[in-house]
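According to Swiss-Prot:
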TRANSMEM  33-53  transmembrane segment
TRANSMEM  77-97  transmembrane segment
TRANSMEM  103-123  transmembrane segment
TRANSMEM  148-168  transmembrane segment
TRANSMEM  183-203  transmembrane segment
TRANSMEM  206-226  transmembrane segment
TRANSMEM  262-282  transmembrane segment
TRANSMEM  303-323  transmembrane segment
TRANSMEM  355-375  transmembrane segment
TRANSMEM  404-424  transmembrane segment
TRANSMEM  428-448  transmembrane segment
TRANSMEM  493-513  transmembrane segment
Amino acid sequence: MKRVLTALAATLPFAANAADAISGAVERQPTNWQAIIMFLIFVVFTLGITYWASKRVRSRSDYYTAGGNITGFQNGLAIAGDYMSAASFLGISALVFTSGYDGLIYSLGFLVGWPIILFLIAERLRNLGRYTFADVASYRLKQGPIRILSACGSLVVVALYLIAQMVGAGKLIELLFGLNYHIAVVLVGVLMMMYVLFGGMLATTWVQIIKAVLLLFGASFMAFMVMKHVGFSFNNLFSEAMAVHPKGVDIMKPGGLVKDPISALSLGLGLMFGTAGLPHILMRFFTVSDAREARKSVFYATGFMGYFYILTFIIGFGAIMLVGANPEYKDAAGHLIGGNNMAAVHLANAVGGNLFLGFISAVAFATILAVVAGLTLAGASAVSHDLYANVFKKGATEREELRVSKITVLILGVIAIILGVLFENQNIAFMVGLAFAIAASCNFPIILLSMYWSKLTTRGAMMGGWLGLITAVVLMILGPTIWVQILGHEKAIFPYEYPALFSISVAFLGIWFFSATDNSAEGARERELFRAQFIRSQTGFGVEQGRAH
């Protein structure tokens, strides 16, 4: 159970997300032709959208932010599509299938970061930034050092997330489609590069919107059929599930997932603040026209995601009833065919037959593509906009910047494919957990304090940001997941699986201490600039001109 939790805990939406940690033993399934045909339809349709988008991408603004022409509703759907993962869909329903009520608590953990984004970040981020969150962090601070730190934080998060996505994609497709792992990884990598290379943010947005609609439809249909089976009574749903589950009434008892309060708190903080520091999520707020639309984006996204995670709870209990109690879905040893992560897929077959099973399998693949496209664009923009155009070659033309961005997309895609193949048999669950810890410990403190704390200086942001990033990496390496399970040592030096509680504390303390003790003239000037930044963040004055910081 501990390994299941570790794998799933590392698959935060994180969104974001894709088969973030379909890890452990994978049994290749027979080739599923219905799923392959439906997925090919999705690919052809989205490539058509990419061609359409490529005709409309004429400038840097079009490429990075779809020209700021996405509506709040569309962006909310796209954010949900970027955040709701195959791990969310398969992993949480599998967690409910095995642990019951605890799965609901865990699924709600995916949402706790969104009120922070809604009330503290979305409006000011949109008013101050243009293409990346580094625009905001460096608004009144030194451009070079802050952009380098922000870009490094973004690239580390993107790289870890992308590797986990690619490995998860290969294993998931092997499970659902019966395709060879290497073919699956190459296919995801090539499609990802095509979406981003030719269609930029516009194509990525519509891939994410389509994926969100398909996933919400599929999950809604499954939940509807489950509730129909029990007469639309939650009481009947829980009673029937308790009657057939090996744990009986214990599946309705909370508290079995995390072994101690420190781990629970650290996991919660990582989920909450990590979400608010994910570069591919933050980038989406620059695709709308103003702060009002940015707020609407979060409102709609939170609604869609909250609805989705409630559905996964119903799907998990439905799987207990209709899959767990049906020997047709068990192997000779009495285990679920393909492993517990297949619970939702088997339920799709139980409630909708082979055709719907093919649909859900294709949606799971589409989910991965939507996430990796967003990640790739975020990584490319960090290199081309933050590093190339604002640090290494100031004054670069739009054409030069876009060329660097597209070269970066190709490099990221090739690296992702190679590492996806190399990590095939490795435990990659820790990578997404580490990505969230870094986002929470490096990106989030700098974004938050740059917008809200007038005494922040470049010195404080640099020292605190780097300390948070390094602490998260070191503690993760010394913890049980890497030190014991991967490196094979007998006992972990750092006893907790989740470093966020400690690394976030180090980051905030470092930023406070080194800013408070900064008596330089540069520090004083940066403090004075806060008032002008505050007015811009509240009013959005000047944002219409798309000022480049």
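Placement of Cβ uses the backbone N, Cα and C atoms for every residue, glycine included.
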Non-local residues, at least 6 beyond the ends, that sit with Cβ under 8 Å of the transmembrane segment (355-375): 15-19, 32-39, 41-42, 46, 81-82, 84-86, 89-90, 158, 161-162, 165-166, 168-169, 172-173, 176-177, 188, 191-192, 195-196, 203-204, 207-208, 210-212, 214-215, 218, 221-222, 280, 283-284, 344-345, 348-349, 416
Cβ-based contact of the transmembrane segment (303-323) with the transmembrane segment (183-203), 3 or more pairs under 8 Å: no
Stretch of maximal Cβ-Cβ contact with the transmembrane segment (206-226) [cut-off: under 8 Å; candidates 33-53, 77-97, 262-282, 404-424]: 77-97
In contact by Cβ distance (the transmembrane segment (262-282), the transmembrane segment (77-97); 3 or more pairs under 8 Å): yes
Beyond the flanks of the transmembrane segment (262-282) by at least 6 residues, Cβ under 8 Å: 9, 12-16, 79, 82-83, 109-110, 112-114, 116-117, 120-121, 125, 132-133, 153-154, 157-158, 374-375, 377-379, 382, 433, 435-437, 439-440, 442-444, 447-448, 496-502, 504
Long-range Cβ neighbours of the transmembrane segment (33-53) (under 8 Å; 6 or more residues past either end): 176-177, 179, 191, 194-195, 198-200, 202-203, 206-207, 210, 214, 354-355, 357-359, 361-362, 365-366, 369
Recorded stretches the transmembrane segment (404-424) and the transmembrane segment (148-168) touching, at least 3 CB pairs under 8 Å: yes
Dominant neighbour of the transmembrane segment (103-123) in 148-168, 183-203, 428-448, by Cβ pairs under 8 Å: 428-448
